[in-house]
Amino acid sequence: MNGNDSHGHESQHPHADDHDHAGSALPEMDLRVRALESLLVEKGYVDPEALDVLIETYEHKVGPRNGARVIAKAWRDSTYKRWLLDDATAAIASLGYQGRQGEHMVVLENTPTVHNMVVCTLCSCYPWPVLGLPPVWYKSAPYRSRAIIDPRGVLKEFGFELGAEVEFRVWDSTSEVRYLVLPMQPPGTAGFSEEALVEMVTRDSMIGTGLPKAPNAAREST
């Protein structure tokens, strides 16, 4: 790892021993869920296509949309941004986003010299109120291990690289705290409305594995 890289797992926010879920239980639980899903589909109680749509909605639309509104407000409102960085749980709750898996939030600000990325090395702790359901890759063993060992390599696989001058910080979520990355506002968008900015915020940019959309790309996707 580059000399100016660091991660919260070791030096800033050690991973707690009383974690919500043991990593070894995940495969068994996953098998049980899949078995239950198959049984419900076989009995005709669940439409697999409807289930896929529901999961897609919560994973990519409803949840991340909440987080995008938090980020857009922080970009537009410097007072709210300071509050968000000082007391993320309260600032996020003020917009109506709170609940299980979001009781204790910390927001990490990306800057031209610091890039933050979030992982949960033991299971899949994730801020549901602002990001919805965690993507499959976030829960995967390769991401959970490589995010700590080779974060720059992971970012490269997501499609972008950071210069050697940028300090890389990897934060390990625990049962006590959930992290949300505050990405840098895209250049040339200082006068944009909050609604326009919401369209630029991506789920991956709030995890630290992606960047916000450029203004033109955001317009094309709406």
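A Cβ is built for glycine as well, from the same backbone N, Cα and C atoms used for every other residue.
Copied over from TrEMBL:
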- Cys120, Cys123, Ser124, Cys125: Fe(3+) binding site (BINDING)
- 1-22: compositional bias 'Basic and acidic residues' (COMPBIAS)
- 28-209: domain 'Nitrile hydratase alpha/Thiocyanate hydrolase gamma' (DOMAIN)
- 1-23: region 'Disordered' (REGION)
CB within-chain contacts under 8 A for Cys120 (Fe(3+) binding site), separation at least 6: Tyr126, Tyr138, Arg144, Asp172, Ser173, Thr174
Assigned conformation of Cys120 (Fe(3+) binding site) - DSSP reduced to three states: coil
Cys123, Cys125 as binding-site residues, winner by CB count within 10 A: Cys125
